[in-house]
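K.L.:
Sending over a structure as structure tokens; questions will come in a sec.
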4 protein chains.
Amino acid sequence: MANAQGLKIAVIGGGSSYTPELVEGFIRYYNELPVRELWLVDIDAGLHKLNIVGNLAKRMVEKSGLPIEVHLTTDRRKAIAGADFVSTQMRVGMLDARGRDESIPLKYGVIGQETTGPGGMMKALRTIPVLLDVCRDIEELAPNAWLLNFTNPAGMVTEAILKYSNVRSIGLCNAPIGLIKQTSAKYNVEPDRIYAEFVGLNHLHWITRVDVEGEDKLDEMLADTTGYSATNVPAREWDPEFLKSLGAIPSYYLKYFYMTDAMLEEQLDSVKTGGNRAEVVKRVEAELFELYNDPELKDKPKQLEQRGGAFYSEAAINLMRSLHNGTNDIQTLNVANKGTIDFLPDDASIEVNCVVTKNGPLPLPLTKIPRSAVGLMHAVKTYEQLAIDAAVTGDRGLAIQAMAHHPLVPSVEVAIQMLDDMLEANKEYLPQFFEKSPANEVN
Amino acid sequence: MANAQGLKIAVIGGGSSYTPELVEGFIRYYNELPVRELWLVDIDAGLHKLNIVGNLAKRMVEKSGLPIEVHLTTDRRKAIAGADFVSTQMRVGMLDARGRDESIPLKYGVIGQETTGPGGMMKALRTIPVLLDVCRDIEELAPNAWLLNFTNPAGMVTEAILKYSNVRSIGLCNAPIGLIKQTSAKYNVEPDRIYAEFVGLNHLHWITRVDVEGEDKLDEMLADTTGYSATNVPAREWDPEFLKSLGAIPSYYLKYFYMTDAMLEEQLDSVKTGGNRAEVVKRVEAELFELYNDPELKDKPKQLEQRGGAFYSEAAINLMRSLHNGTNDIQTLNVANKGTIDFLPDDASIEVNCVVTKNGPLPLPLTKIPRSAVGLMHAVKTYEQLAIDAAVTGDRGLAIQAMAHHPLVPSVEVAIQMLDDMLEANKEYLPQFFEKSPANEVN
Amino acid sequence: MANAQGLKIAVIGGGSSYTPELVEGFIRYYNELPVRELWLVDIDAGLHKLNIVGNLAKRMVEKSGLPIEVHLTTDRRKAIAGADFVSTQMRVGMLDARGRDESIPLKYGVIGQETTGPGGMMKALRTIPVLLDVCRDIEELAPNAWLLNFTNPAGMVTEAILKYSNVRSIGLCNAPIGLIKQTSAKYNVEPDRIYAEFVGLNHLHWITRVDVEGEDKLDEMLADTTGYSATNVPAREWDPEFLKSLGAIPSYYLKYFYMTDAMLEEQLDSVKTGGNRAEVVKRVEAELFELYNDPELKDKPKQLEQRGGAFYSEAAINLMRSLHNGTNDIQTLNVANKGTIDFLPDDASIEVNCVVTKNGPLPLPLTKIPRSAVGLMHAVKTYEQLAIDAAVTGDRGLAIQAMAHHPLVPSVEVAIQMLDDMLEANKEYLPQFFEKSPANEVN
Amino acid sequence: MANAQGLKIAVIGGGSSYTPELVEGFIRYYNELPVRELWLVDIDAGLHKLNIVGNLAKRMVEKSGLPIEVHLTTDRRKAIAGADFVSTQMRVGMLDARGRDESIPLKYGVIGQETTGPGGMMKALRTIPVLLDVCRDIEELAPNAWLLNFTNPAGMVTEAILKYSNVRSIGLCNAPIGLIKQTSAKYNVEPDRIYAEFVGLNHLHWITRVDVEGEDKLDEMLADTTGYSATNVPAREWDPEFLKSLGAIPSYYLKYFYMTDAMLEEQLDSVKTGGNRAEVVKRVEAELFELYNDPELKDKPKQLEQRGGAFYSEAAINLMRSLHNGTNDIQTLNVANKGTIDFLPDDASIEVNCVVTKNGPLPLPLTKIPRSAVGLMHAVKTYEQLAIDAAVTGDRGLAIQAMAHHPLVPSVEVAIQMLDDMLEANKEYLPQFFEKSPANEVN
């Protein structure tokens, strides 16, 4: 892939607050991943942030003394042309749209969350067409590039790309690394001495095996009802009998399904007291950019680790290193199912352990599937498939079906009201639903 | 199967108010289904009703002049020995248990219904072990008999029998015949000029095709938002946009999933005003038995048709006639999936069209599956499989998993509370949960 | 489909000696299959035969007094336009080509047969492109027509049409009806009292169940080592131990696989004594056309029944009647697999029992697959798939692979020599291999 | 698995001439695979050879100075009790039986080879019951042990163990390592810089990808018509057009299928000139044991590398090291299919690349399957499944079906004659066919 001088990396949404973490990774692992050109690209509206974060990136590289060129641009095609890796971390409609994703469902007594539930569906409708546009550019200008997708809802976005483009794409999430880190801390062992088997979808996975230094620790971990957790999902204890009979550690995102009533109450309370998660993140981001703007800062600031997206760039760098070197190591990734979870469609994106070869990730056979989880996986996947096709076609009927069949939506009536409300609120970002042309019709 | 003199039929739960309909069918179709011995069997507690209904049966046969012997007994083994067909229509715990199935969930703000939701699960826990006992007798005393199962929840009971016995069993429901009758009335054509394709599970099916005299009438029927209905499920209009984009006619039982909030409200109102459905049925039954007890009555009384279980015996007689004569006609039945619905397990019971051969029903390939419905089918099937295994083993963990994963149950917390409440209320009928022995342990 | 006045039928290869049988069928079943226009179409080279057989058809219809119009034409598009059913019975290269199909393999010590083995492959290479041309016309001029394909190798031709056109097509063979007729004669019962289950591919099927008046007669029939047979395949006894342990009645075409050495010897002897099967058929055909040409003949002559293709038109008329009336009866047909034989690809053509609905045949689930037969089915299907793609693309590499992997071909070396010999001998009919254009390249 | 002092290894057939290679491996990799006890076990008839080779093993260990105890025994149970790894390398009937496996088919004009064709089937019939006896001991005495099976026909033996025992078993062959070594020599790179993807069955695989230092070299290797080879299969050039259109490198064992006529001729010639392969091996073995018996010899003699089974012990040691340390590296192994090759049964043994985890090998998804090979894989697998069940049950019908359906057997008639001949010749080792008891009957 790479030419003699090194690799070209394009980061779509390069003005994100996460970028310094990525840059830090490129510096640290330069020997295994010789980056020659790093292109940070963003839209016009993000130019201010791009410059701030881009200049920090330049200062970080300069300090390292490595021959990495950092380019800042709003010309996406120029950034993509000939790239070896394209990474995406974008937010169509920015934090304001996220705020609406979180608040509108609450009006209908439904969980309001940016990736799970109706909020996630709105995000998918806004985001998928933009990502597919990026893919058109990659198909033309960098057909051999790997697209590493972090853009949420990462599972749906990855599946849309696999279905509707020829781009070689892999979806990533920081949650699996989070579980490893948490277990590493709990048992005080190095992360590479831990093996965990994941099964499910993005933000809807179960961990069915945890080996620590070769010892099976699953039962021990199931006995701990705090479960595994992250800063962006409120903590809540699991019922011990439920956890034991489930026989697998649920993702913290599964609290929205297994503790719906309590999580909803918490969200409603939270709105009353301090605004939704989007508001919190806005404040954190503002503080970060203030730090980044300091011309004396030449390193990733510690505060970034509080941001919620911890380990994102670690996941990205790990994956690029393994693809570039063909290390055949095992990582938890979002890939096309192709029979791995035998009851899901072949073209469904799933989140499972893969061997990362030079030719891409190969999903490992699963050694255990929690039988209780089968129905929920399927229910959410059906919703995801309908929502993806609604996003691509702008077909209102598909959007109604998607919303009505989401397990967190209580009835068809609520589904349609909420959908209408959300479509209207996102009108600016949903031309496929509002600017009808024959090409938008479903056949 | 049958010997020279004709067929032997055993009806388990013969004291049911439905029996006169069955007897009427045997009389009408005697030429095609030459019944020699009809054994009505019931438990001691049902002896009074058995005598009333059995004597009416005898008077009906006598009037017909046919050489059918009617036997009344509480000796199940005697009834089963050498039978050609065994039919079951039982209610473990009788209408009082049904009342509890309907009322307890309502306390937790959950749909209370005898086959759908937590109520159906309780019924399954009570019923499956009793049916499997019947199967032990059939395996021993009538290994070639066909077991026609009407006992609700018919899908789960049929699946339990297919998995945990060697009996040749078929599950039946009156809903598919109801759709045909309703369409027949709407278009004023004979039922045999209508072809409808069903897909799904018992009480969770969708109709994807309706041909009337060779003309496709699906779109026309989808435009009618009253949908298809039955007396035992409250009427409610469907949203027209939803129906059109769904592209299939939903079973009236699907209202519990698609209109959960409104159906729940209706149930809560109904409790306030006149008691639950069990109360209504109790009154109807009392009236029917008073009629049956009239020694002058020698025919099925018209009032039986109001009972809710219309067409049950028509379905049963049709199936027995086709099996006996190998007519290869098409009926909608509950059978093992074996790849028919390719995303469900092979051993799942499903409700689909089958060609009824002399060797049993062969499910027809499906020509269309509503994609929106895939997730819901799977979610309910996962619950059903967990509940079946809980019923067989008495394993509390499985019961928790089943309840917690039912789509109508809002959280693990509610699931466990409701389960504890219902187990306690059904203690008398659930020895597998309360009289623990090593044999009841899951391996 | 049909308009008020009745149906339009187009018979491609209408000048065939089989046509009078078809006409007889249309007359006999006019009430159920009201044919208004019968178009017999043939190529210029067949015009002489078309006129002879067409005039006989006209005399037959006239005698019947039915309002059927018989049209003779060489304008295929005119015949197809608006047709309800299109039937094909063609022989690209005529009997001379068949002669070469049968004789060339023998030079290499390989079975020479017109449908099985290398001869069948050559026939497929010649025939498939012509049939796909017919399909292009049907797609344009009669998109709702059913194409009934009798053209051999019927399985491969049907599969090619299913894969490479949008035409609704069904493949037919007379062998299954032959088995029923033979069993009917053996047990002296009406054919409709016999139920036989077929599994496999065209000319490569096994019968796994034979019920005569509801009684299972499989073992009895397996004890008869003459098996089932037909005039066009030499008779030979089966080994009784083999038949018993196989547990299924093999098609007579399977003798080429199970008795390869003896069948080959027989073919070699036969060449020495009286020429191959093509020679025999040529003589029979000449005699038939002499009869047909008699202006006094107004009925199908008895001699046609000796022709080898007995029951072809019966099969065709049965299928048209069932499709037209939606009778839902069971017929053995060549259709797309779609999971019926679960180890074969979904798009493979298979020969199995189907329920014939108004919307086409639905394959019935198989109740038994002889496990010994699985490998042979797969080996032949792999060859078929390669040969079909070779026929469509003209790709020599695919043709080499097809020939080399046919179970009757002893080595790659023989495969390539024989292929070269046969391609050269069929050059006139294989433009796809000899007139190379970029469109013929495999991608 | 292992206790604090190190691992226990049991080698069934420890008197084999291969053993010194294994011992050399244990010595070289002691750090990663700390063997404490090495038990060489053989039957009474092999005691003489066991002592010779066992004493050499002791001298080798002594020279190394490592704390490995070498035990020689004929008490299999003692050797197995508590073992961590059990390795098998046995030859039921010894080289005399192999001679018959090779010579009898030749009398019928059929390939005579010890693993492919009728010879392999005889070996399977003799060997499988003995291996299953070993498994009974492992189940009882070392339930957590890994059984590494090298005993040929390794694919069938492995499948029999997977189906008919609870032992954790993996089948191994030296051919895949051979391909790597050959490629390593050709390109002058280290073996670990080569990645080759295998698909198929034991002794019936195809290589679909060869990366050398990250570069795809498949086309280059396909252009070399000598293919990949080994000393035990005669060299013969491949046809270049065939190889190119096949698109995969065939195993050298595939010459028996693709060049049947030439390979047969070669075997017949070889018999005339110098005896079959068994004779050759006998001479080589005699020479080896003479060397081993030299009390001054304290190393594996160079001559062993000429023996044909090169790399066997390297494969074994690699696998044990990876299992013991959970290295997650990729090895080509014989494992249960479970959907990896989606057209073969789940319980079929296949030979593919696996990630070797601490919990056993996980087969990697295949990136390419040569479509021409599908039928042949299936044909051989059908034969294998029938032969395995014949071996276990002693059912003559199954044995007839297996033999008659082997692709190299020309007819049912030859199959039965040859089978009778071979059963008689192996009578001594086939009690399941000759000492009938009810337990040997198939149900």
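Placed from the backbone N, Cα and C atoms, the Cβ positions cover glycine too.
The structure displayed is predicted, hence computed values, not measured ones.
What TrEMBL records for this protein is below:
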- B:Arg98, B:Asn152: substrate binding site (BINDING)
- B:Glu114: site 'Increases basicity of active site Tyr' (SITE)
- B:Cys173, B:His203: Mn(2+) binding site (BINDING)
- B:198-409: domain 'Glycosyl hydrolase family 4 C-terminal' (DOMAIN)
K.L.:
Which whole-number value in Å describes the distance between the Cα atoms of B:Glu114 (site 'Increases basicity of active site Tyr') and B:His203 (Mn(2+) binding site)?
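P.N.:
Rounded to the nearest whole number, the Cα-Cα distance is 11 Å.
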K.L.:
Which whole-number value in Å describes the distance between the Cα atoms of B:Asn152 (substrate binding site) and B:Cys173 (Mn(2+) binding site)?
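P.N.:
Here the two Cα atoms are 9 Å apart.
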K.L.:
Give me the CA-CA distance between B:His203 (Mn(2+) binding site) and B:Arg98 (substrate binding site), in Å, as a whole number.
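P.N.:
B:His203 (Mn(2+) binding site) to B:Arg98 (substrate binding site), Cα-Cα distance: 17 Å.
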K.L.:
If you draw a 10 Å sphere around the Cβ of B:Asn152 (substrate binding site), how many other Cβ atoms fall inside it, taking every protein chain shown into account?
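P.N.:
Excluding its own Cβ, the number within 10 Å is 23.
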K.L.:
Helix, strand or coil at B:Cys173 (Mn(2+) binding site), per DSSP?
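P.N.:
DSSP call for B:Cys173 (Mn(2+) binding site): coil, neither helix nor strand.
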K.L.:
Using DSSP reduced to three states, classify B:Arg98 (substrate binding site) as helix, strand or coil.
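P.N.:
Reduced to three states, the DSSP call for B:Arg98 (substrate binding site) is helix.
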K.L.:
For B:Arg98 (substrate binding site) and B:Cys173 (Mn(2+) binding site), what Cα-Cα distance in Å is obtained after rounding to a whole number?
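P.N.:
Here the two Cα atoms lie 18 Å apart.
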K.L.:
Across all chains shown, how many C-beta atoms besides its own are within 10 angstroms of the C-beta of B:Glu114 (site 'Increases basicity of active site Tyr')?
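P.N.:
So the number of other Cβ atoms within 10 Å of B:Glu114 (site 'Increases basicity of active site Tyr') is 24.
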K.L.:
What number of additional C-beta atoms lies within 10 angstroms of the C-beta atom of B:Arg98 (substrate binding site)?
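P.N.:
Counting Cβ neighbours of B:Arg98 (substrate binding site) within 10 Å gives 23.
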K.L.:
Can you work out the mean pLDDT of the predicted model over the domain 'Glycosyl hydrolase family 4 C-terminal' (B:198-409)?
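P.N.:
Here the mean pLDDT over the domain 'Glycosyl hydrolase family 4 C-terminal' (B:198-409) amounts to 91.
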